Amino acid sequence: MTNKEAIKRTDEQLLAELGYKQEFKRVFTPLEVFGIAFSIIGLLPSIASVLAYSLPNGGPSAMVWGWAVASFFIFCIGLSMAELASAAPTAGGGVIQLYFWTHSLSSPRYRNLLSWVVGSSLPFPSDANTIGNIAGVASVDWACAVQIAAAINIGNQQFVATQTQTFGIYVAVVFSHGIICSLGTDILARLQNLYIILNFCLCFVVLIGLPIATPKEYMNSASFALGNFTNVSGWPNGFAFIMSFLAPLWTINGFDSSVHISEEATNAATAVPWAIVSAVSIASLLGWAINISLTFCMGTDLTSLISSPQPMAQIFLNSFGQTGTLVIWSFVVLAQYMMGSSLVLATSRQTFAFARDGALPLSSILYRMNRFTCTPVNTVWFVAAIVALLGLLSFAGAQAINAIFALSVTGLYIAYSIPIASRPETKANVVQSLPVAVIAVSFMAFMNIVFFFPATPQTSASNMNYTVVVLGGVLVLSLVWYYFPVYGGVHWFTGPVPNVGKEDATEYDSKSSSKVVDEKVEAVIMETDI
Ligand SMILES: *[C@@H]1O[C@H](CO)[C@@H](O)[C@H](O)[C@H]1NC(C)=O
């Protein structure tokens with residue numbers, strides 16, 4: 001047995017201990033698991049999409065200091081998640097879905113309900129984690145469509161995309177992501193290396209290229225770049241500053257994605273927590289540097305930047321000129337595009353895991369592995385279809401799209417908070433770093449409340465914040481579905497369903513006898529032989 005085979009063996013054994021058999025190919029190396037998390041963060045293209053949130057809510061100060069403050073809290077969230085991934089008994093080699101963690105970590109009395117909310121419910125994936133991820137895909141692909149429109153606009157200033165044109169581009173982007181994510185896992189894994197390189201190159205274009213290329217009249221003094229506070233949102237200054245946190249929070253988000261592909265990773269128990277912590281810390285630092293570079297090179301005319309549909313494209317245009325901007329912007333679009341495909345990948349794998357546990361009505365159709373590609377093709381297209389439909393919300397106005405952006409943060413924060421907060425109640429053998437967990441959970445709760453506020457205080461029905469309506473509505477429906485007489489989840493949902501042996505997977509804990517484990521591993525081997 002070679003070393004590589006030995007590692008693979010351990011991954012499969014750990015998965016079997018949790019009661020699941022190996023169904024995916026384990027082809028992601030640790031670096032590629034990091035690549036998934038890092039490309040979903042997609043630093044530069046993400047910052048480009050959310051400048052529209054930080055510029056009106058404080059300008060340079062929000063970009064530099066808002067980023068720094070929020071990064072500290074995001075790092076605490078990342079640490080707590082990584083700790084769960086490395087120390088929770090379920091984290092071993094396998095099914096590290098958030099709702100699985102929730103089920104095995106929270107107190108027996110509430111665990112079915114809590115993992116229902118985090119994990120599975122309703123006719124379509126409506127739980128907090130999936131809502132967050134699907135809204136994430138929709139917001140990323142929407143931003144990609146807007147950036148493609150901006151690219152055409154850079155080439156031809158007459159062209160401004162209509163709503164219908166942007167929607168058309170969006171559907172094409174989603175469709176092509178469906179195709180990419182149906183391909184063999186090997187191809188997807190190898191692509192991650194390209195993602196990492198492209199992402200880093202773009203960062204260095206802004207860190208090094210931009211200051212060199214920017215003409216003198218657009219260079220700013222340190223006192224402006226690091227100290228100017230411009231708030232045009234209408235909110236009081238302090239609250240506006242906090243609203244600007246949406247920029248870093250949306251950018252450094254979705255790092256649970258590396259969790260969702262853990263069944264396809266080699267040496268997952270180490271690779272996944274490592275990927276989370278390094279992706280979050282590298283993204284925080286590099287992102288901060290990028291924001292500082294931008295504030296020094298963006299000129300002082302904030303009003304025209306705020307009114308531009310793509311402020312970053314405008315900054316590039318001022319500094320690099322038309323041709324240079326077109327070249328760089330194409331790579332920004334490409335990186336944004338790759339971010340979308342990584343997200344579709346992670347979300348489809350997560351939906352596959354729900355279907356395996358019978359938690360979706362169409363489970364028998366969705367829980368199917370395509371024999372030729374060895375990927376869950378049905379769930380990929382299921383996710384792509386819902387994302388495409390979500391795009392129709394864009395016809396309801398700009399605020400509906402903002403709601404999808406905020407939803408991708410709030411949905412995930414609910415899904416992250418529950419397993420992190422459940423920890424102190426358990427007797428599970430988890431290393432406790434309580435202060436970090438307390439900071440992380442309080443911050444997520446606080447920001448979820450902040451994101452229920454509209455972008456400006458002067459609201460009407462057309463520019464209200466729909467986040468509260470969509471998220472609240474879905475969570476209420478989810479609870480109704482759970483407690484519904486006879487058919488509700490309370491009558492049949494018992495958490496994750498193991499597909500090896502018959503023991504309840506969640507009964508497994510650190511004290512579980514190795515005999516049971518051996519039997520399960522044997523069962524796996526026997527099934528593989530047949
Ligand atoms: C920030 O910059 C803007 C635009 O140059 C200027 O009008 C404003 O007075 C500055 N504010 C502060 C607090 O320096």
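Every residue gets a Cβ built from N, Cα and C, even glycine.
The annotation transmembrane segment is assigned in TrEMBL to 31-52, 64-82, 167-188, 194-213, 234-252, 272-294, 315-339, 379-396, 403-422, 434-453, 465-484.
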For the transmembrane segment (315-339), which partner among 31-52, 167-188, 434-453 gives the most CB pairs under 8 Å?
31-52
One stretch in 31-52, 167-188, 194-213, 434-453 has more Cβ pairs under 8 Å to the transmembrane segment (272-294) than the rest, namely 31-52
Hey, which bits of the same chain come close to the transmembrane segment (31-52), Cβ under 8 Å, at least six residues off its ends?
63, 140, 143-144, 146-147, 189-190, 192-193, 195-196, 199, 202-203, 205-206, 246-247, 250-255, 257-258, 261-262, 265, 268, 271-272, 274-276, 278-280, 282-283, 286-287, 290-291, 294, 305-306, 310-313, 332-333, 335-336, 338-339, 342-343, 345-346, 405
When you check the transmembrane segment (167-188) against the transmembrane segment (434-453), do you get at least 3 Cβ pairs under 8 Å, counting only pairs 6 or more apart in sequence?
no
Lying 6 or more residues past either end of the transmembrane segment (194-213) yet within Cβ distance under 8 Å of it, the residues of that chain are 31, 34-35, 38-39, 42-45, 219, 286, 289-290, 293-294, 296-297, 315-316, 319-320, 324, 328, 331-332, 334-335, 338, 342
Using a Cβ-Cβ cut-off of under 8 Å, list the residues of the same chain that are 6+ residues beyond the ends of the transmembrane segment (379-396) and lie near it.
124-125, 134-135, 137-138, 141-142, 163, 166-167, 170-171, 174-175, 177-178, 181-182, 344, 347-349, 351-352, 355, 362, 366, 403-404, 466
